[in-house]
Every structure is written in C-alpha cells, then in structure tokens.
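Trainee: TrEMBL feature annotations, pasted as is:
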ACT_SITE  B:Ser177  active site, nucleophile
ACT_SITE  B:Asp343  active site
ACT_SITE  B:His376  active site
BINDING   B:Arg247, B:Asp377  substrate binding site
DOMAIN    B:72-381  domain 'AB hydrolase-1'
REGION    B:1-32  region 'Disordered'
Amino acid sequence: MTGPVAQAHRPWETAETLPRAEAGDTRVDHLVVLDLVPANARVLDIGCGDGALLALLRDRRGVDGRGIELSREGVNACLARGLPVIQGDADTDLANYPDDAFDVVVLSQTIQATRNPRIVLEHLLRIGRQVIISFPNFGHWRVRSELALRGRMPVTALMPEEWYETQNIHHCTIRDFVGLCRTVNAEIEKATALDARGRPMRFAMPWWVWNLMGAQGVFLLRRGAAGSNA
Amino acid sequence: MSLDTALKVGTPEDVSARADAPGAEVSQAHEPKGLVARFGPDEPLAMDAGVQLAPFQIAYQTAGTLNADRSNAVLICHALTGDQHFAHTHPVTGKRGWWETLVGPGKPVDTDRYFVVCSNVVGSCMGSTGPASIDPATGRAYGLDFPLVTIRDMVRAQAMLLDRLGIRDLFLCIGGSMGGMQVLQWAASYPERVFAAMPIATGPRHSAQNIAFHEVGRQAIMADPAWAEGRYLEAGTRPAKGLGVARMGAHITYLSEPALHRKFGRRFQGGSAPTFSFNADFQIESYLRHQGLSFVERFDANAYLYLTRAMDYFDLAADQGGVLANAFKGTKTRFCVMSFTSDWLFPTSESRAIVHALNAASAPVAFVEVESDKGHDAFLLDEPAMFAAARGFIDAAARARGL
C-alpha cells in the first residue's frame, strides 16, 4: 500500500548522488546528512549525542547549529565543542519551538525511541523547512531472518540491545515510514537506504529491495502542500 | 533545666550580645573593605521607583587583569545575601570568598585569563548604597526612606560601574539565584554588552511560592519590636530575632529534604535528648538557630527587606508585554542555563522557561540540569558536574572571542 506513494515520488533514485564513504573517523551516515544540508543553514539536531554531526556541519557547511540531547554527558561534550545544546527530549521539548524556526531539522536514529513518533514527526515538519530523518530499518533481511528463522527479536549493529533493555519502542520498516509520511502529509524530497556498514546503496532499485537490503533509511522531507492530505 | 527555647540574642552572657547594637554589619555599609566607585550628584542612578539616587556608591572587588583589548572582563552577580567578596576573605566572618569553588586560578572562571569583577548590589549593606547608608538629606540612615530597588536598578548601577572601569562589554556575565536574575536582566537590557551569559539556578520571574516565603521573612523582621519601624539604627537596637527567624525560614528553602536527611536526619543534639522541652533537641534545630544567629552578625535587616522585594518584583516577561522571548529578540549573546535536580526554590521548570524563550528568540542557548541532592545552594558548592559544564561553555566562548 505504500508502494504507489513511494514510486510516485521515486524517492530512491536520488541515492546515486549521495556521497561515497570517505576515509577518516567521520561516520558515513553523518556524511550523508552533510550532503543534504545547505551551506549556512540553521539546523536543529535532535538527539545530537556528543555533537559530532553538529560540529561537522558547523565546520564544513558553516551552519548555525543547535541541539537537543537527553544525556548530561552528551550535553557536556557538546558544550566543550562550543555547541548550543539543551538537555531535553524530543517527546516533550519540540512543542516549544516556533514554526519554521530552522532550515533543517535532523532526527538521527531516534524516532524509534520516542513515545509518539507521529507527533514528533509532525513537530519536525512544523519547526523545520526540511527534515532529515534516519532510523534502523526493521524490514532488513537480517531482522526478518532473526524473526523468521530463529524466532528471536533481532540484535544488530544499529539495534544493539536486547528487547528488554532497548530504548527503541516504536520500530518500523522503511515501507512503514513511507506510510507515516503520507499520513502526516510529508513530501519525500529524497530518500536512500544505507547498508549494514552505513554506506549509501549505490544503485537505484525498486523500493522493496531497499526495504529488504537497507539497514537504515535516510529521508529528506518537507511539509506537503496545504490541504493535499484532506 | 536551662531555657533554650528561642534564638539566644540579648542575653548578656551570650556571644551575640553585641548583636543587640548596630555593629559589624553596618560598619561595612559605610566603610567597606575593597574598592568603591563613588557617583556624585551629576551621575545619579535612575531607579525604577522614579527616584534619581545621588550621590551613591558601588563597592566592588576584582581579580585577574584586564587585557589590552579590554575583552576579557567577567561580571559576577551575587545572590540575595551575597556580596562582592567572591574570591576574598569576608571582612566580617573571616570566611573564604563565596565562589572560590568556581572562580580562581585554573578554575572554570579562570582569574589567570579573565578580569573578574563583582559588585555589591544597590540596596545591600556591604558598601554599596542601601537602606543602612546615610541619607545626605537628613544625615541619618535611609531606613525605609530608601527607594524600593529592582533587579534592573542593580544592573543599571553595575553598568555605570563598568563604564567607570572602562569596560565596554563583558566576555561573560554569570550568577546564581538573584545573581541569575541580574544576568538575565543584563542580557535583556544590554545585549550588545554581554558576549556570554550563564544564569544559574534562577528563573525569569519570582514565583508566587517564593514571594510567599519572602513575605514570611519580612513579617518576621517587622514583627520584632527592635525593628522600630525600620529606625533601629537610631534607636540603638536591632531586630536580630526577626532577621534570624527570616534567615532560618529562608535557609530551609536553599536546601533539600535529602540533603537535610543526610546531614542531620532525626539525630539528637547531645546525649540527653529528648529533653521533653522546646530546647534545640534535634541537630537540625541547632543548625538552623546557628544559621539565623550568624546571619544577623553580617547582614542588615532593612537591606534584607529591600533585596527580597527586588526579587519579588522581578518578572522579565511583564516588562515585554508578557512575552518572555521578546526580552531576548535579536540577541547575539550565547547562553548557558543551568539548574539542579533537587532545587525546589528555582526548579528546573523555571530554567526551561528561560530556555524556551531563548529558543523562540533564536538565541544560541545551552542548557544543563545538574544531578544534585544539595538543593538550591548547590550552585555555591563543590559540584563537579556543574564545573565540567561551566568549563566547557566558558572555554568554548573564550575561543569564539579569541581569548
């Protein structure tokens, strides 16, 4: 049921334009985000951890970056990098930001850990003119095989905790997420899947391949035209 | 059985017998230790109460050296009963500077790198003009003739002091509690003069509960016959019991139940308790009485009335049509807001209100909630998590300013 929507936007076909993995310590998924963020943009990174992505965006794109991070250790690391980061949480703090406060809002590997992903996504689309969102794909073949063949909840590099310890309470597949985008009237500008090593998958493929082979999905969204979801 | 039921002031054998007469606490009001900037009739302080206060003086202390660019100045704003002796031995109590935990050589506010200034607020009693100062019009202490003071008045006076010192703008403005209110007021009144701001354990307005606590303290002072309608200095008395009780009540609000429990629990003082009397059986009672008594040694009762009132009147949003974010519109100041988990006087929700307003104003703001069971006073104490966050923020701000 998400197929027609996804194909209508042909979201995966832009994947080839995404950057190849670069040498060095920089996380490949951060480089993917780097490529999507325009120079000098105002960026909010929600769940920004130690601020590595924000620092990268500041140093390479000259962005005016802000962050929200749950852990005090993360906030302190961000302070030491000179990043304006507030201790807070996506479920409760986004409501306080005004509309269009940022050019780009980034939510990296966090939506599956929120209490209310739909409301969070709606806030992201309201606060940011563009939204970059990445999440572990629960439709990945390894996840499926863990469930189908071993009958166990999967533990992977992107989902490293056992089910009884994980913060992730709202897993979804790439296809599920495309469905949510339609529900909240989000327009998919670009999308790609990253393989298990975090590298963008190179060739344009049908959506079901991404849903099976992608370890994580990365989406660039914006608010859909007003009323089109009525 | 000895009677030990009330604050022991006024009994001849008591150490605080001297508390009956004006003493050390007003001596500092007139001849403070440290530096004093005097402003003559041609430089009045324009107060919110509509009064042009002149002449007046600001007592202050400094540490470190102002650099050639005059770009490394830090202003410390002190709290309700604090003073300018942030890194200097207190002239009355002999205690170490009140913020030597945070400020000093190699500390987060590094006096080897920054020129640090702290001035006694207007309305206080440690050398800046306040109700214990002599009113030149009458030749006697102002008492209640002193105009009501606001946080904005304090900040205006500090700005005049910086002008006098040739400091165009501050690298950092930092303070906790009432000091944090001044930091926020600085950022709102003089955004172009504040490069970085750290309001700690504070709020954008004084809450109804906090006003209520202050009112209890003020009523305790005014209920003391020795207060003499505020004219105790001429009467040769002083409202030590009232001020002591005010301090006891307030001191509870600076702590937390876990901290009180850890420090005192229900432990008895001495071995013979309970005494089946109203003596200070419990350690916590004895501790509070000590806090009350030692406070009256160093603080003027009328100054306490004025400064609590200044905090009560503070409401930054009210000055901006009710929209707090407007206080920070277009600001380029970088902020680091800090709160403590066990602070119930200025709970984290107050700091979050500041943060949300700064976000709405697109100001660069960092926020840390420090885990501590020490209550509101945590900002004055040895809190490594606070120091780590402060150091990170201040060092990064210094890099951004090229210091």
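Here the Cβ of each residue, glycine as well, is placed from N, Cα and C on the backbone.
TrEMBL: automatically predicted annotations, no manual curation.
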Trainee: Using DSSP, would you call B:His376 (active site) helix, strand or coil?
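Mentor: In the DSSP reduction, B:His376 (active site) maps to helix.
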Trainee: Out of B:Asp343, B:Asp377, which has the highest number of nearby Cβ atoms, where nearby means within 10 Å of its Cβ, if these are the recorded positions?
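Mentor: Buried the deepest by this measure is B:Asp343.
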Trainee: Give me the Cα-Cα distance between B:Arg247 (substrate binding site) and B:Ser177 (active site, nucleophile), rounded to a whole Å.
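Mentor: Here the two Cα atoms are 16 Å apart.
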Trainee: So what sits near B:Ser177 (active site, nucleophile) in its own chain, CB-to-CB under 8 Å and at least six residues off in sequence?
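Mentor: Once residues fewer than 6 apart are set aside, B:Ser177 (active site, nucleophile) is near B:Ala79, B:Leu80, B:Ile200, B:Ala201, B:Thr202, B:Leu345, B:Phe346, B:His376, B:Phe379.
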Trainee: Could you check what DSSP calls B:Arg247 (substrate binding site) once collapsed to helix, strand or coil?
Mentor: helix
Trainee: Do me a favour and check the Cα-Cα span between B:Asp343 (active site) and B:Asp377 (substrate binding site); whole Å is fine.
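Mentor: Rounded to the nearest whole number, the Cα-Cα distance is 8 Å.
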Trainee: Just to be sure I understand the packing, how many Cβ atoms besides its own are within 10 Å of the Cβ of B:Arg247 (substrate binding site)?
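Mentor: Here the count is 24.
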Trainee: Please average pLDDT over the domain 'AB hydrolase-1' (B:72-381) for the predicted structure.
Mentor: 96
